[in-house]
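Per TrEMBL, the features are:
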- 1-46: region 'Disordered' (REGION)
- 1-10: compositional bias 'Basic and acidic residues' (COMPBIAS)
- 21-46: compositional bias 'Basic and acidic residues' (COMPBIAS)
- 82-118: repeat 'Pumilio' (REPEAT)
- 148-169: region 'Disordered' (REGION)
- 488-524: repeat 'Pumilio' (REPEAT)
Amino acid sequence: MLSKAEDKKPQKGGGKKRRHPGEDGGGERKRRESPKGEKGQGGKKRLDALSVGYFRRVGERLSEGFEDDEEREMFVENVLTEVKGKAALVATDRTGSITLQRLLPLSSPQQVGEVLAELGGESGSEFKAVSCDRCGGHVVESAVRQMSRWMESSEKESSPPTEEEGEESCGLLEAQVLSFSQVVRDNAAEFIRHVHGSHVVRTLLHVLGGCLGPPRTETRPRGKERSIPPQLTDFEIPTSFWYELKDLTETLMENINLSVTDAVASAVFQTMLTVCHRKRPKLCKQLLRRIMEYLTSRSAAPGVSPLLVFLKDQASSRLIETIIQLSHKPLLRGLYKNHLKGQLVDLTLHPIANFPIQRLTAASAKYKLFLRIFDELVQGVEAILAAGHMGAIVQLAESCAESEERQDEMMQCLLNAFHCAEPGSRHVACLPLFMSLLTYEVYYHSDTAEGNISTEIPLTSICYHGSRLVQALAKFKERSLLLSSLRTLSPSDLLCMATDPAGSHVLQALITTSSDKGRGKILKRLEGQYVQMACSRLGSRVLEAVWNSSSVGQRQSIAQELVPSESQLRADQFARHVWAKFALSHFAHRRAHWQEIQTGESKKRKLFSDILE
């Protein structure tokens, strides 16, 4: 739908360009006489070239900053005067949109309310066209977000009773946000399915709930950023917003069918549930129950739960993930007992359904339900590994660590899956196998390799999920197998781990969670590698973490190895921080004073750990 709309745009503007080729005087005069913009053959008005240039210069001026508040306020007022009468044209122009988005946070709530009032028109009916525009949607979002400052004006005033003043200054903005919400309710189905309009609805839900995340940007989040939920900031809201949020959720629930067929609409429902879970937990419980009732009431093959179909769909599976994450104990138990029991392994092998099952494994960790889920999933660990769904295995291990249940069974299952359970001599190979997610035969290129395997194959291919798996196993009560395997690695392998993006986290986790005696054995094998670790971006971080968890004697051994390489360490961009943090100049020239400081820090650390325990 978006691509078709974009294809049509040049045709609308095309008529205008063909009718006035190369006009300067006449065209310029027309632009000046019609400040509201130019109209193409397709009927869509566009911001004229002079105005585009003006708003580009405004953007440049905003980047320079202001000397004081008075200068900023005067500048904002002047620009908004230029916007008046053509706010919709400015908002839907790329340059004008970007400038307005930067200007609105500097404007007073009253000024923002005035901009919104013009964008919506007398009845608010024009909100829809602007909100569903690629550029205009960002402006409406930015304007609605300013509601988070509704108490600011009253707090800045020095005179006491300020609530009325605050309401007066934000009254217009509050009224416009409510007016916009009414338009959304009247056109809910169109808004939540629209690729741009849906984002504005999601922002509206956050504002009505009284919590905001970071502003939306044009750039897509990279790798890890996608899986990290945005941090929300709570703020005070007027009473009217509490009632409006309830009304808006009711209207959205009338369109529940769209949440399972449309990925864009599904995202709106996920936001609704997340906001309500944070700010209106009772309302969230009702919504969760109603959505689950809808999902489980759809028709499916006889004897098959409709939920199994929804779990394998891209749009509805994301919604189910959110439902699982926010569900309370009875809902989770019913979900498993009535729909998922006996199906977990098959679902985990599915390319889409495995993600909701991961959320279920995580959510159940604090309940007894986890024992039943574990007992079912553990039967298919090898098949899940073969399917490449490593996240499911990692989550199972993390839930074992959190619940402190089934840890021995999990470790034994992994030893079997990686073919290092029998004979017992293969146990010491477990760490490299887990980190690389390769079976014994594949890693060592042999079906019968026995001997001194630690020196046969240098440490290779530490992968992200392998690293996370071992970090989870490092939280188990019994870690002797992992530590024994770590101690068989050569110093060069340990250095490889310390300087590897994935391996460094493993080494840090295993060393810092060890006892003083166990840590001492590992540090003994690391001797001779400290200088290279200190000169590495990742290795220096591991070294600092090791230092912070080490005893005074262990610190002294590390310092003795580092000090002779003073010139090299001071010249290196990473090692110079190690030199300073470890106070190695003191160690070299004022040993007694260094010893006194380290002993004091060690006692303080022990005191705090005793209090926390």
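Using the three backbone atoms N, Cα and C, a Cβ is placed for every residue, glycine included.
Computed from a predicted structure; not experimentally measured.
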Item to check | Counts by DSSP class (helix H/G/I, strand E/B, coil) across the repeat 'Pumilio' (488-524) | outcome: 27 helix, 0 strand, 10 coil
Checklist entry - Cβ under 8 Å to the repeat 'Pumilio' (488-524), counting only same-chain residues 6 or more beyond its ends: which ones? => result 428, 431-432, 435, 454-455, 458-459, 462-464, 466-467, 470-471, 474-475, 479, 482, 532-533, 536, 538-539, 541-543, 545-546, 548-551, 554, 557-558
Checklist entry - What residues in the same chain, six or more past the boundaries of the repeat 'Pumilio' (82-118), come closer than 8 Å to it by Cβ-Cβ distance? => result 35-37, 45-47, 51-52, 54-56, 58-59, 62, 72, 76, 126, 129-130, 133, 135-136, 138-140, 142-144, 146-147, 149-150, 152-153, 169-177, 180, 215
Checklist outcome for this item: Residue counts for the repeat 'Pumilio' (82-118) under DSSP, helix then strand then coil, are 30 helix, 0 strand, 7 coil
